[in-house]
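Remarks on the structure that follows.
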Amino acid sequence: MFKQHSRVIISKCCSVNTKQCAPIIYALLQLIIFYAGLNAVKGVWPLPHALTSSVEQYPLNPQTFAFDYGKHSATQQGCSLLDAAFRRYFLLIFPDYTAGRWTEPIFVIVTDHNDCENYPNDDSSERYNLSVSAGQASLNAATVWGILRGLETFSQLVYQDDLGSYFVNETFIEDFPRFQFRGVLLDTSRHYLPVHAILKTLDAMSYSKFNVFHWHIVDDPSFPYQSRSFPELSKKGAFHPATHIYTQSDVRRVISYARMRGIRVLPEFDSPGHTGSWGKGQSDLLTPCYKGGAPSGTFGPVNPALQSTYQFMASFFKEVTSVFPDSYIHLGGDEVDFSCWRSNPHVRAFMQKMGFGGDFPKLEAFYIENIVNITSANNKTSIVWQDVFDYHERVGAHQDFTVLVEVWKHGCYLCKVRQVTKAGLRVILASPWYLDLPGPTHNWARYYTVWPLAFPGSEKQKRLVIGGEVCMWGEYVDATNLFPKLWPRASAAAERLWSDEKQTSSVEKAFPRLEDFRCKLLRRGIQAGPLNVGHCKHEYQGV
């Protein structure tokens, strides 16, 4: 047995000729080379693109475990994002360590100083290289987002023996995501989810390397988003105006918490349908429905025939786009019931004036285009549900429509992916990953065997598929059952979106790793549901 000392080093390589700097991170950990017959971890989830390991093992000592900057590092101490990440991952790597001797801060490794204050975006690199050998470990990445992914991988490589000692095996990893968009949707309108449940979901997402939180924040049942400009929306539209809302402070907290984990927050404000709660706090926004030539007292979708509608939407989305920093915004556009529009004489008169005749998909297309123009004016790229594409295609208007399309309907969903990409639009796939649907919660294999590119099409088309997301709609989900319904089944989709398809085509080979990962989730406080008969060394101990 012998000891080799090393330090965390971060450096930045600069090319004199090109004057372009390629930042590199080196995280060197104190390790002791040790040979023993211990069982290593069963694997990393999601599976890295290239991973080799051996039986050579190195004990880890939490009292001497440290990170530091190299003298050529692009960024020195003070990056709050990685400062927090190293503290967080120290506790994840050494969950049983309670001694008071380890008091030094965990030093941060950064490659691009600007990333420390920025938000992740659609072109953020998450690539990293990880090497554990010869008494030291190095973690290399071009961005802080790659470092976060590498830290998660390293944390999963560490294991304990029966006496509580920590070990890591010799390992070499080159890794990057297969798809740039890997999301989880939470519906906070049908059931209100407390902020702590959202934050805990973000933790679990980071463990599976998800990078987009799709916040379906409002819908027909309730409007919990507390608007600065239109406070009546939540005052009258939320389940309760004080306890079941998300204040501006709550939203900032979620966005900040997500950023520290390399996760983007994608807000969705669905319209013109799914807006029942909006009308409670904003008069004249919804369409009055008629019956027998007179108002029935009920209301339908947003009224697309009034100029006041677009004035309100312009003001509202100006606020929303200033609150949520991500470059994307989801505008919904699904499941619009035309019957109320059809019943309203003022809407029909507007359609005649616009030359739409009785073609209600044209009216819907007109409305969505106006909302897209509003968000575009605020420098946002719009995402819509596939219904919007269908309406536009039906009226021949999709050629000039620059949005991302989220495919959600069942049936031949890859047929729709092919159709949308053939039209030259980018696609996000959600159809096969609706985890809220009734059924057994151990059926992870059905979500694992999905491949978003399994459709006939050109390479150009397939490059337009930017990823997918897991959807947890809220009809039958609240904070009491969210986590066992979501995890670890969402992790099955996470591996499909991160890892190489050829290396992850076997359910049988994946099962031991997912079972092991589920145990890691339990130890980290995530109530992940069981996959089969069995046990974990560290069972879930409660919230």
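Using the three backbone atoms N, Cα and C, a Cβ is placed for every residue, glycine included.
Looking at the candidates CYS471, CYS536, TrEMBL gives CYS536 as the cysteine bonded to CYS519 by a disulfide. Candidate disulfide-bonded residues: CYS79, CYS116, CYS289, CYS519. Nearest to GLU335 (active site, proton donor) by Cα distance: CYS289. In terms of local Cβ density within 10 Å, CYS79 ranks first among the disulfide-bonded residues CYS79, CYS289, CYS340, CYS519, CYS536. Here the C-alpha separation of CYS340 (disulfide bond) and CYS116 (disulfide bond) works out to 50 Å. In the three-state DSSP classification, CYS116 (disulfide bond) falls within a helix. Nearest neighbour of CYS116 (disulfide bond) by Cα distance, taken over the disulfide-bonded residues CYS289, CYS519, CYS536: CYS519.
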